[in-house]
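Below is the structure I would like to discuss, written out as structure tokens.
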């Protein structure tokens, strides 16, 4: 609803440097008076459809008796300010629109990671972004985890109304931080999330984490065998030293850098073997207990083998049970038939002798009957 149908109406606009802003002025009714836009310096931009200022960035978008809409392309910080829309009635009526121009922050720059950091030391990183308006906010991440940095330091630029912003992050590094991705991201209303960020890889120097791996899980007497020493570190280990606790290395054992070779195992080789790995940053050791087995000892079967064998045995037992049940039913059925035939002719006998004679006679009669019909 318009209280005064001839009163122009417009709205404030926000635009980023380099963008395009649209300014619209409307009235509810027209008395055939023209609408006019003027800039912050009170210069007329458009009077109705007529261009008044020679600036190719400013274009007419729509013009009617009740609306005047213009666009300003490639907006600069100097375009910020108050724009006026007027209609030349008696008296002249005006409306004002404030254009806010956002200074787009530059891509952040990270310093402090030019050289590797030794494990256990602290390192301070600095992230800087220039040219933002209003001042940008900076966020730190290690991988996907957000870290809390120091408060942002904001400095104004003497040449334009923008700001330089910097933030510091202090880390006490461990070996797990080696190759971690450190990110500094800019948060600003002129940017979509993640539009401006910088990433650097944190390099950490740390001493070896030593482990010894056997060449076989079943070292047997008389066979070849080896132990391999691995040291996870930065930089990689440059030297390996082998020793046997409570004694000298076996005469036949041969140390070749990270590998200790046994050409032929003997029970006397049993013991605790130690590998020392050094990379110039530090020295650590790993241990392995060697227990030589008899040649007759077989390698343990895997869980899969036991499962297969158990399954086969179960199937065989099931089949045997089924056969026994079928055979039992068959025998019971035929035994009943035999007894029934034996009892024919003896049911009416007065005594056992007569029953036997009748049974024999019944069989003979049956045979006679068979011969008669044949």
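Cβ coordinates are placed from backbone N, Cα and C, and glycine is handled just like the others.
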When you get a sec, could you say which of 307-332, 333-358 is annotated transmembrane segment by TrEMBL?
307-332
As a test of reading the model: what is the averaged pLDDT for the domain 'Ig-like' (208-280)?
96
For the domain 'Ig-like' (108-203), jot down how many residues DSSP puts in helix, in strand and in coil.
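Counting residues per DSSP class in the domain 'Ig-like' (108-203), I get 3 helix, 54 strand, 39 coil.
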